[in-house]
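Enquirer: This is the structure I want to talk about, given as structure tokens.
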Amino acid sequence: MWQIIFLTFGWDLVLASAYSNFRKSVDSTGRRQYQVQNGPCSYTFLLPETDSCRSSSSPYMSNAVQRDAPLDYDDSVQRLQVLENILENNTQWLMKLENYIQDNMKKEMVEIQQNVVQNQTAVMIEIGTSLLNQTAAQTRKLTDVEAQVLNQTTRLELQLLQHSISTNKLEKQILDQTSEINKLQNKNSFLEQKVLDMEGKHSEQLQSMKEQKDELQVLVSKQSSVIDELEKKLVTATVNNSLLQKQQHDLMETVNSLLTMMSSPNSKSSVAIRKEEQTTFRDCAEIFKSGLTTSGIYTLTFPNSTEEIKAYCDMDVGGGGWTVIQHREDGSVDFQRTWKEYKEGFGSPLGEYWLGNEFVSQLTGQHRYVLKIQLKDWEGNEAHSLYDHFYLAGEESNYRIHLTGLTGTAGKISSISQPGSDFSTKDSDNDKCICKCSQMLSGGWWFDACGPSNLNGQYYPQKQNTNKFNGIKWYYWKGSGYSLKATTMMIRPADF
């Protein structure tokens, strides 16, 4: 198909080339010449004059076409006839020329046509091949572009699908979260209502508990008074029992003495008159010397007074006769007390208690006393400090402590600051620090400037007793952050 098209196109080019190289001229003799140029070859034809042309009968025939003046209708018809005759003559002449050319130039034209056709065919084939190659290349490029566009379109469709899926998921999550928020709001409203109801019930319960607490406090007060009475009766019974034992012992000695005297004929019949037995005691040493050697609670009398106070007497440690002025063992008693309470004493002699600064001051102001401090830690170790001279000044001197002559195993340096320090409580600050040691360290003590000891500090149980600045401490034995398990402070006369 392409070859036929190229062949036809080549033949048209040959004819066009032939007619384009066709020239007409007149020689010197007046004869007409026709020259044909085909490539490097040139062909000249001499043609005879045509004698069959019609003669013009009108004066306007020769130049009828070139006239510019207006003519009437008859002149126009004549002119058209003349033109038709001329056109017919020219047509005949051309036909003759064509026949002549065909006869004379047939062979050459055939060869020329063949050469031209071959050349043009080769060129056309080459052009066609090039066009085919270019078309194929363009087709491949178009195919590649289509593939790329298809891939890009597919990728975009996948991304769009993924975005659509993600959007659907997000919308679902938003719906779920909105639903959860609504549920939480409903639950929150329910809980708020429940909290309000619980607050109301709690207020009622608190009011009821307050009333019960008041009733329990009244009951505890009554029971405390009953317990105090029972303790008094127990102490009285103990003292009476001890006195009965002593009287029985004295009676047995008297009976034995009488029996001895009666069995001896040379003995004088006289009976010794015994002194009146002492029934009041200044301290536990006097009780011990009276023959009462059992540790327990006894009644002591203030010096130069009939006022009495209960104290625990230790008749076992170091020969006995010790009056216990302080004891800590389980944290059952709060030692963060006022000045008045430390002055008069508090707690129970059977457990944790403070005997009272006023009694100790009056007692140690009349005779020379020694002070022994016993300490226990949470690991089962024990230590003590013994001062061979101890006394407290009066209230006007803030019960200032005086100590000398330290011995013992609880440190070679006294953990109670010397010279004497004033006593301080939470409501009476007499220390040498602007920080109020009693409020910061807890309890009443001879703090000096929040010094190295405080046996009346906060009680801490085991495993909670380390790194406690406000605990029961004795610096020169266990350090400042160790809170002890038990402490006892006791005194007796130096000449016991």
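Cβ coordinates are placed from backbone N, Cα and C, and glycine is handled just like the others.
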Enquirer: Looking at Swiss-Prot, which of C313, C435 bridges to C433 via a disulfide?
Expert: C435
Enquirer: Within 10 Å of C433 (Ca(2+) binding site), Cα to Cα, which of the recorded positions N89, N151, C284, C450 are there?
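Expert: Cα filter at 10 Å returns C450.
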Enquirer: Using all protein chains shown, find which of the glycosylation sites N89, N119, N151, N304 scores highest when you count other CB atoms within 10 A of its CB.
Expert: N89
Enquirer: Applying the rule Cβ within 8 Å of the centroid of the Cβ atoms of D429, D431, C433, C435, what extra residues of the same chain belong around the Ca(2+) site?
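Expert: My list of surrounding residues reads S424, K432, I434, K436, C437, S438, M440, F447, A449, C450.
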Enquirer: How far is it from C435 (Ca(2+) binding site) to C450 (disulfide bond), counting Cα to Cα, in Å?
Expert: 9
Enquirer: Check the DSSP secondary structure of D429 (Ca(2+) binding site), expressed as helix, strand or coil.
Expert: coil
Enquirer: Report the mean pLDDT of the predicted model across the domain 'Fibrinogen C-terminal' (275-495), rounded to a whole number.
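Expert: Overall, the domain 'Fibrinogen C-terminal' (275-495) comes to a mean pLDDT of 92.
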Enquirer: C284 (disulfide bond) to N304 (N-linked glycosylation site): how many Å between their Cα atoms?
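Expert: The Cα atom of C284 (disulfide bond) is 17 Å away from the Cα atom of N304 (N-linked glycosylation site).
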Enquirer: Using a 10 angstroms cut-off on Cβ to Cβ distances, just flag whichever of D429, D431 is the loneliest among these binding-site residues.
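Expert: Among the binding-site residues D429, D431, the lowest count of other Cβ atoms within 10 Å belongs to D429.
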